[in-house]
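In TrEMBL this protein carries:
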BINDING   A:265-269, A:306-313, A:404-406  FAD binding site
COMPBIAS  A:510-520  compositional bias 'Polar residues'
DOMAIN    A:14-154  domain 'Photolyase/cryptochrome alpha/beta'
REGION    A:504-547  region 'Disordered'
SITE      A:337  site 'Electron transfer via tryptophanyl radical'
SITE      A:391  site 'Electron transfer via tryptophanyl radical'
SITE      A:414  site 'Electron transfer via tryptophanyl radical'
DNA sequence: ATGACGTTGAATAC
DNA sequence: GTATTCAACGTCAT
């Protein structure tokens with residue numbers, strides 16, 4: 001404490017801190033911009049969270065409890081690049097290591113460095129809201145000025161919800177109708193930042209290398225081809241936007257999920273997730289391309305449409321209690337998912353016996369990224385399509401392994417794909433055989449991610465169990481020995497799933513649990529006039545018809 | 001009540 | 001490549 005007070009004397013009153021969490025960039029960074037204005041000293045801080053970085057030996061793949069190695073690597077690369085960007089402006093990134101709690105570490109620095117103004121980008125995730133409240137409460141008690149601009153998303157989710165009468169819009173179209181045009185990015189040009197202040201006795205850590213974190217032997221794991229950081233983000237964006245024809249004619253559903261050497265999308269999602277790229281700047285740059293071409297596609301399928309989907313899920317997730325759970329979630333269908341650890345593990349580890357499904361899950365584990373439609377295939381397979389396993393189980397696997405894993409978007413898409421919310425046409429099931437085949441009849445994608453199948457003739461590569469034994473022998477891949485037999489029969493399993501979904505939907509209707517929150521109370525009240533609660537009870541007491 | 005609509009299904013026919 | 005059929009969901013405007 002005494003040392004700390006000594007530090008405050010030299011730091012001066014006009015010290016500001018910019019706290020980085022997401023938003024790992026210099027461009028379009030309102031928090032950084034506000035911190036530098038009128039401050040003699042600026043402390044750019046990132047707090048390393050041991051729960052995010054500490055190796056978890058019990059995890060099903062290398063990494064920590066929260067993140068697979070691919071995303072940890074991406075984060076570290078992003079931090080290195082942020083540090084380099086700040087150094088170009090005469091500053092640097094101050095890395096603090098939390099003992100076990102991020103707010104404690106940050107608050108100690110706020111106090112010890114005598115910070116007068118704290119700036120950080122607003123974050124709407126429940127975890128972040130709880131974390132940030134502890135920091136802002138502490139700052140308020142010390143009389144520290146706090147500035148928390150919205151700059152992660154195009155729009156302010158709270159504002160959209162307010163405009164919609166206090167409830168989040170639950171369809172994309174109604175979201176669009178409210179949203180309008182997003183604010184312009186703040187692209188202030190400046191050549192230097194205020195110097196960092198005295199950091200007293202704080203140990204200033206360099207950005208650790210992935211190898212130093214003790215994840216064991218990760219050399220065997222394929223390395224994700226996507227490098228983190230703002231520099232890489234801007235380079236990747238400019239490369240994508242160079243092909244104006246491609247940008248203006250982009251239609252997401254027409255992309256090829258099996259393309260991996262040159263992905264069918266921009267692969268900017270991980271950079272948006274960490275804020276290495278500003279969504280507003282990206283949006284603005286796409287608009288510029290549109291202005292230079294005769295015509296362009298439109299939301300929901302267009303490139304800007306994808307950014308709007310991101311904001312849609314941020315908004316709904318912000319305005320929905322228990323968005324990341326089935327129970328207690330008003331917009332989520334209540335479905336009696338099956339519990340089957342063996343089938344779940346087969347799915348998670350890419351051992352379902354369906355090469356298309358397994359290749360996608362292996363790409364996920366190794367790269368931390370796969371095409372959107374590939375995600376659809378495996379999510380459908382796990383939940384309503386084949387295995388009838390809870391979407392929360394799949395959500396957890398994606399959340400840990402994806403380099404672009406984003407709380408709002410990941411949960412939103414799992415709700416969507418499992419037909420629990422937003423999308424309800426549960427008869428539309430992705431075939432684990434024919435869906436991939438129509439894009440990649442030769443199975444190059446499968447051969448790349450599942451080397452044991454690389455010599456399987458293309459006639460059998462999507463269904464190796466149908467190959468005659470002589471063919472399997474020639475391909476040096478015996479099904480049941482070198483590659484698993486299918487864990488379920490898709491024809492039978494998907495038929496059963498349809499039936500279960502139909503029953504679950506019927507039961508939800510009778511229970512009055514409609515998605516938009518207005519239960520069938522109103523219609524019931526109208527029809528029963530005298531408030532005959534008994535009929536209501538009897539209705540809800542016999543929801544499960546057995547046929 | 002009714003009909004149009006919904007980012008991305010599969011199988012089949014032309 | 002595009003259209004049709006399959007069987008049929010919830011939401012929203014009328």
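From the backbone N, Cα and C atoms, a Cβ is placed for every residue, glycine too.
Note that the structure is a prediction, hence the values are computed from the model and not measured.
All features noted in TrEMBL, drawn onto the structure.
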{"residue": "A:265", "record": "FAD binding site", "Cβ within 10 Å": "19"}
{"residue": "A:267", "record": "FAD binding site", "Cβ within 10 Å": "17"}
{"residue": "A:269", "record": "FAD binding site", "Cβ within 10 Å": "20"}
{"residue": "A:309", "record": "FAD binding site", "Cβ within 10 Å": "18"}
{"residue": "A:311", "record": "FAD binding site", "Cβ within 10 Å": "24"}
{"residue": "A:313", "record": "FAD binding site", "Cβ within 10 Å": "27"}
{"residue": "A:337", "record": "site 'Electron transfer via tryptophanyl radical'", "Cβ within 10 Å": "21"}
{"residue": "A:391", "record": "site 'Electron transfer via tryptophanyl radical'", "Cβ within 10 Å": "25"}
{"residue": "A:405", "record": "FAD binding site", "Cβ within 10 Å": "22"}
{"residue": "A:414", "record": "site 'Electron transfer via tryptophanyl radical'", "Cβ within 10 Å": "25"}
On average, residues of the domain 'Photolyase/cryptochrome alpha/beta' (A:14-154) score a pLDDT of 96
Taking DSSP H, G, I as helix and E, B as strand, the domain 'Photolyase/cryptochrome alpha/beta' (A:14-154) contains 59 helix, 28 strand, 54 coil
Among A:337, A:391, A:414, i.e. the recorded sites, the one with its Cα nearest that of residue A:313 (FAD binding site) is A:414
What DSSP gives for residue A:391 (site 'Electron transfer via tryptophanyl radical'), in three states, is helix
Reading the DSSP string in three states, the entry for residue A:269 (FAD binding site) is helix
Cα nearest residue A:337 (site 'Electron transfer via tryptophanyl radical') among recorded positions (A:267, A:307, A:309, A:414) -> A:414
Rounded to a whole number of Å, the separation of the Cα atoms of residue A:414 (site 'Electron transfer via tryptophanyl radical') and residue A:307 (FAD binding site) comes to 18
Taking all protein chains shown into account, the Cβ-based neighbour count within 10 Å for residue A:307 (FAD binding site) is 21
